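Participant: Pasting the feature list from Swiss-Prot:
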type	residues	note
DOMAIN	2-29	domain '4Fe-4S ferredoxin-type 1'
BINDING	C9, C15, C19	[4Fe-4S] cluster 1 binding site
DOMAIN	37-66	domain '4Fe-4S ferredoxin-type 2'
BINDING	C46, C49, C52, C56	[4Fe-4S] cluster 2 binding site
REGION	115-555	region 'Ferredoxin--NADP reductase'
BINDING	A123, E143, L151, I187, W453, G460, F461, I462	FAD binding site
BINDING	R213, N258, G259, N260, V261, R302, R303, E314, G460	NADP(+) binding site
Amino acid sequence: MPYIITQSCCNDGSCVFACPVNCIHPTPDEPGFATSEMLYIDPVACVDCGACVSACPVGAIASDTRLAPKQLPFIEINASYYPARPIDLKLPPTSKLAPVIPAAQVHVRRRPLTVAIVGSGPAAMYAADELLTQPGVWVNVFEKLPTPYGLVRAGLAPDHQNTKKVTELFDRVAEHRRFRFFLNVEIGRHLSHDELLAHHHAVLYAVGAPDDRRLNIDGMGIPGTGTATELVAWINAHPDFAYLPVDLSHERVVVIGNGNVALDVARLLTADPDNLARTDISEFALHVLGGSAVREVVVAARRGPAHSAFTLPELIGLKATSEVVLDAGDRKLVEGDFATVSDSLTRKKLEVLSSLVDSSKPTSRRRIRLAYQLTPKRVLGNQRATGVEFSVTGTEESRRFDAGLVLTSVGYRGKRIRDLPFDEEAAVIPNDGGRVVDPSRGRPMPGAYVAGWIKRGPTGFIGTNKLCSVQTVQAVVADFNAGWLTDPVAEPAELAKLVHARQPDTVDSVGWRAIDAAEIAQGSTEGRPRRKFTDVADMLAVAAGAPPLRLRALS
């Protein structure tokens, strides 16, 4: 009865260190960890202890006897990561454990290490967690929205509630007595980098990649065009996108790009609104989706099936919940790739693609069509989008799709931060292992650090940020221990005074807990995990009704 890792795996790696027989791979010290689509349990080596189940922050692990029907393909996926062995073979238990990355040890100085973290998504919260393992370290997290947790709150599809459970880990971090939230505070607007550094030994930026990579073709930008990430933010009640004018009065939507976000959008646009009503989806978005006329979403990729950007777990999940089809031409492309590709993961994707329904078969369900070798040329329409024209990649042929909504899903892009260097081409802050590097001098900027997507680019999954943040924290601690970080010039109590003077509507940890509790209470009456606020004013009103946070002295 081995345990199985399923679709919602976040690559956090906590399960690896909980396993007493080192049967979960790749481990964080192995080369494939940073790029692996998920982690895998060796069914032959697993001793059925279940330690990994409680360690997983997103509930992605279950016994093979307790899997839902849609999770059964993950039995083979886990097993196929390992060499083929006789079915009755059982490896003897081993005492070898995955090597744990030791926490950086902070040396005692006159002033305890105090770090400002800008951003509150996974990279930020993993960094805070790592810092707070050391006695005496203080962490202040600054976030421009009144609510924390970045893309976990506003970028994960609402029907992926298991994955959103990682916020329970972040909540525990935020409850630490040496942790403070300064929410609804924008660095670069309310406070500068230098002002943060005057109150902290170090400033760690974990702001993600908030912009979209843009597709520069004629017609993008007219009504009826947008980006998949904007649509996901709209669906998730992000206050900046809560009332996006999304027109779903036409029968077809085209999504350009075929990564996981593209699949999320396609799945949500074709989902039964009654099912979405049991999630934390935005009320406004749910109303619009309830009146949708969309019958088909075309997910168009420039390259062939073997180069599909989506992950295998997401493809399997999509097939289990949605009507996914291929036309005859794309099916031939799948067959051609399968004959030439040797990589086992890619071959598994191609196997799943080859099993999809033929698009010529009639269906009463809304459907998702995966299309390949289509290079976008222009959006059709004058006053608003009426379709999109593609060239068939590598040929002189053109292909058109009528569509009332055209979305691009070609990736995220980091954004310049005032007072810090920025690599425009890579869209990251130049750094060496997390230390921000001034390109003009070729040396690190004292006290400035980065983690997450703004450090390495928009790659990996939620848990990938954990190892990335640990590396940066080790750099912070090493520099502090070496005496390279200047003690704050301001007294600790002055920080809160300065923040509230600049932004009277600052939301602290107590205010966030009040917002969180109110959303959960509103949702519980409707059988939902929460009903999110969409207006900042409503969030601030709830937070203002919370008792003030009693500040603790640094010690």
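From the backbone N, Cα and C atoms, a Cβ is placed for every residue, glycine too.
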Participant: Check the Cα-Cα distances from L151 (FAD binding site) to the binding-site residues C9, C46, V261, R303 and tell me which is shortest.
Facilitator: V261
Participant: The record lists A123, E143, L151, I187, W453, G460, F461, I462 as binding FAD. What's the largest Cα to Cα distance among them, in Å, rounded to a whole number?
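Facilitator: If we measure all Cα pairs in A123, E143, L151, I187, W453, G460, F461, I462, the largest is 26 Å.
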Participant: Cβ under 8 Å to the domain '4Fe-4S ferredoxin-type 2' (37-66), counting only same-chain residues 6 or more beyond its ends: which ones?
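Facilitator: Same-chain residues near the domain '4Fe-4S ferredoxin-type 2' (37-66) but 6 or more away: 1-26, 75, 77-79, 81-82, 85, 89-91, 93-94, 162-166, 168-169, 311-313, 345, 462.
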Participant: Which binding-site residues are spatial neighbours of C19 ([4Fe-4S] cluster 1 binding site) here, meaning Cα within 10 Å, out of C46, C52, R303?
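Facilitator: So the list reads C46, C52.
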Participant: Do you know offhand how many angstrom separate W453 (FAD binding site) and R213 (NADP(+) binding site) by C-alpha?
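Facilitator: Given the Cα positions, W453 (FAD binding site) is 14 Å from R213 (NADP(+) binding site).
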Participant: Want to know which binding-site residues, from C15, C46, C49, C52, R213, V261, are within 10 Å of F461 (FAD binding site) at Cα; which are they?
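Facilitator: So the list reads none.
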Participant: Identify which of the binding-site residues C56, L151 has its Cβ surrounded by the largest number of other Cβ atoms within 10 Å, counting every protein chain shown.
Facilitator: C56
Participant: Filter the binding-site residues C56, E143, I187, R213, R303, I462 down to those whose C-alpha lies within 10 angstroms of the C-alpha of C9 ([4Fe-4S] cluster 1 binding site); answer none if the list is empty.
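Facilitator: C56, I462, listed in sequence order.
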Participant: Of E143, I187, V261, which is closest to C56 ([4Fe-4S] cluster 2 binding site) if I measure between C-alpha atoms? They're all binding-site residues.
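Facilitator: Comparing Cα positions, the candidate nearest C56 ([4Fe-4S] cluster 2 binding site) turns out to be V261.
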